[in-house]
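**Q** First, the structure itself, so that you have it in front of you.
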């Protein structure tokens, strides 16, 4: 019996040995890269079904609906897959304008200058408030 | 003897169990995400020293100066580190306008639409020409 290409988009993703694929969230309006996290098959399927980013938390080993506690969900406008299928890129509307658990817009708030990392972003919201 | 925070920027990067950190290259002019690859400590140091992206090839298990064969090097304008230190983001000028080994501008040339991946980018250069 000949094999046929799967019609399930999930089968085209190259999940790694741990069943994970890297996922980048990029602000759909500004183009700023907000964060990187991981998705398993279930997380990617949930992201598509919900229209909001659902990652897989490696520390908790469970699905992580981004913003479920802080309210800072990510509305997904576009999903892309890279050439070798091991990276997903989401274009998102970041609710509340805060993607980082430190209360900053982006997790990429450190820039390398003269051989040192410098913080470029201010904390927009106290993390204690975000997760209370 | 009290421990002091290292002044070496490399010591602030959270290399994983394989000694690697994820590295995203973003076009400094358009904001488009071009690719994701990996860096070890030596690759990141070489990237800073050269001002061009040097990754670590997991398949070849060696340093990979991006563009060394194709000429499509990446001039690094900015390097950022994320909150937990396990992702690097490079702002680059992509020489030749082609980051992907398939001859496309970006590796993220597939978009999810109606449950299927669709190719959005044309091949700008035949890969056989790129690597001959």
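Backbone N, Cα and C atoms are what each Cβ position is placed from, and that goes for glycine too.
Note that TrEMBL annotation is computational and uncurated.
What you see is a predicted model, and the numbers here were worked out from it, not measured in a lab.
Per TrEMBL, Mg(2+) binding site is recorded for B:82, B:84, B:86. Per TrEMBL, Zn(2+) binding site is recorded for B:83, B:100, B:107. The feature domain 'Phosphoribosyl-AMP cyclohydrolase' is assigned by TrEMBL to B:35-108.
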**Q** Measure the Cβ-based neighbour count of residue B:82 (Mg(2+) binding site), defined as the other Cβ atoms within 10 Å of its Cβ.
**A** 24
**Q** Taking the domain 'Phosphoribosyl-AMP cyclohydrolase' (B:35-108) alone, what is its mean pLDDT?
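**A** That stretch averages a pLDDT of 97.
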**Q** Which of B:84, B:86 (the binding-site residues) has the most other Cβ atoms within 10 Å?
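**A** For the binding-site residues B:84, B:86, the Cβ with the most other Cβ atoms within 10 Å is B:86.
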**Q** Over the span of the domain 'Phosphoribosyl-AMP cyclohydrolase' (B:35-108), count residues by DSSP class, listing helix, strand and coil in order.
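**A** The breakdown for the domain 'Phosphoribosyl-AMP cyclohydrolase' (B:35-108) reads 13 helix, 30 strand, 31 coil.
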**Q** Let me know the most crowded of the binding-site residues, choosing from B:83, B:100, B:107 and counting other Cβ atoms within 10 Å.
**A** B:107
**Q** Take the C-alpha atoms of residue B:107 (Zn(2+) binding site) and residue B:86 (Mg(2+) binding site) and report the distance between them in angstrom, rounded.
**A** 21
